[in-house]
Amino acid sequence: MDSENCSITENSSSHLERGQKDHGTSIHFEKHHEGSIQVSIPWAVLIVVLITSLIIALIALNVGKYNCPGLYEKLESSDHHVATCKNEWISYKRTCYFFSTTTKSWALAQRSCSEDAATLAVIDSEKDMTFLKRYSGELEHWIGLKNEANQTWKWANGKEFNSWFNLTGSGRCVSVNHKNVTAVDCEANFHWVCSKPSR
């Protein structure tokens, strides 16, 4: 019996010398190698699953771009347009607008706009009109609508006015403020609004 006890003691001591710690009935191995990282198995599995999921998601997104190129091109071209307007110009719906701080006659205001490769504002929709009224405030601003010698009303870009908004007054040039769109004398001195497409 003594020889059995001796062999167990020798085995136990030789295992303890190699890094084992005896904690009662369970034995826990702790091997420390220089430069190694110890990660428990559940954490290792979680990391592998996350990396795999990320790779699958990236592959799925790239495959979607090739299977539905029209959808991605449409989103990229329409949603990511950044208007480039000069300083002091305001960007709205792919158009640059300039609201003057001085006053001039309609003809001189149109000339000032031309110097910036623009015209007095041409308004195509109710939304554009709401935008101009809001920014004009209480001050009268020239826009690019004029009646040449009692003929048809035309915009500064040459298009005919189709009477889509109510125009009051008896003048031949049109101004706008936050409430009204009015035909007034072209020689009056008002602020003005220039417009041109954004780049």
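Sequential numbering from 1, following the chain as shown.
Every residue, even glycine, has its Cβ placed from backbone N, Cα and C.
Remember, predicted model here, so these are calculated numbers, not experimental data.
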C113 has a disulfide partner in Swiss-Prot; which of C6, C194 is it?
C194
Identify which of C68, C85 is listed by Swiss-Prot as the disulfide partner of C96.
C85
If Swiss-Prot marks one of N11, N180 as N-linked glycosylation site, which residue does it mark?
N180
Disulphide pairing with C173 per Swiss-Prot - partner from C68, C186:
C186
Site with most surrounding Cβ atoms, counting all protein chains shown within 10 Å, from the disulfide-bonded residues C113, C186:
C113
Over all shown protein chains, what is the count of other CB atoms within 10 A of the CB belonging to C85 (disulfide bond)?
16
Cα of N166 (N-linked glycosylation site) to Cα of N180 (N-linked glycosylation site): how many Å, rounded?
9
For N180 (N-linked glycosylation site), what residues in its own chain, 6 or more apart in sequence, show a Cβ-Cβ distance under 8 Å?
T168
Which whole-number value in Å describes the distance between the Cα atoms of C186 (disulfide bond) and N150 (N-linked glycosylation site)?
13
